[in-house]
């Protein structure tokens, strides 16, 4: 009788542990859904922001959108899989939990890769800067053409920059320094080149998306670990029940 009571207590203790893990996993999935929805909304806003696509088109740096598209997909999948994760945890279904653990590994890789690519095409000393520099220098060389002149005017006036790396670019290429390269108040040429100014402009947007992606990666790690712990706890409970 004492042994049976001991086994009963063991099963009850396992049930309490499973309930604790299950509802912790449920809460983590809610957090993942909220952050995933925020990431999805923010990256959609970046992609659809009025006028932003025009900048990307003028500079011919569509590589920036690679990371954005990956994080859009990641945000959408997180919302779907977080809901399924809540269901599998509440149902205590081992096969569904194994599938959930696999999705967490996949989403972890997707968010890390997406944020890495996004930052590689939007930060200082990244792959985006040579692309912007090449486009700006091409515009300066062909500044007598209306399209190049209009592009330079739009970029330099809007951002408050001059040349690719500074006003010296015009002198090196023996081109006249345009009026939009000068401050309208002081008349002095803008010191900063457009490569750095445009990179800072892109970086401001990308950093927030990358932060949300890294938060998601951390949550996916916790979800994966909790999923494994829950599966093991369910197995121990089943074994304890069979021994009774």
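Every residue gets a Cβ built from N, Cα and C, even glycine.
Curation does not apply to TrEMBL; its annotations are automatic.
According to TrEMBL, the protein has these features:
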- 161-194: disulfide bond (DISULFID)
- 162-181: disulfide bond (DISULFID)
- 23-46: transmembrane segment (TRANSMEM)
- 66-90: transmembrane segment (TRANSMEM)
- 97-119: transmembrane segment (TRANSMEM)
- 207-234: transmembrane segment (TRANSMEM)
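Counting Cβ atoms from all protein chains shown, residue 181 (disulfide bond) has 23 others lying within 10 Å of its own Cβ. When Cβ-Cβ distances below 8 Å are used as the criterion, the transmembrane segment (207-234) is approached by residues 14, 17-18, 21-22, 24-25, 28-29, 31-32, 35-36, 38-39, 42-43, 46, 67-68, 71, 74, 78, 85, 89, 92, 94, 97-98, 100-101, 104-105, 107-108, 111-112, 114-115, 118-119, 123 of the same chain, each at least six residues removed from its ends.
Using a 10 Å Cβ-Cβ cutoff, residue 194 (disulfide bond) registers 29 neighbours.
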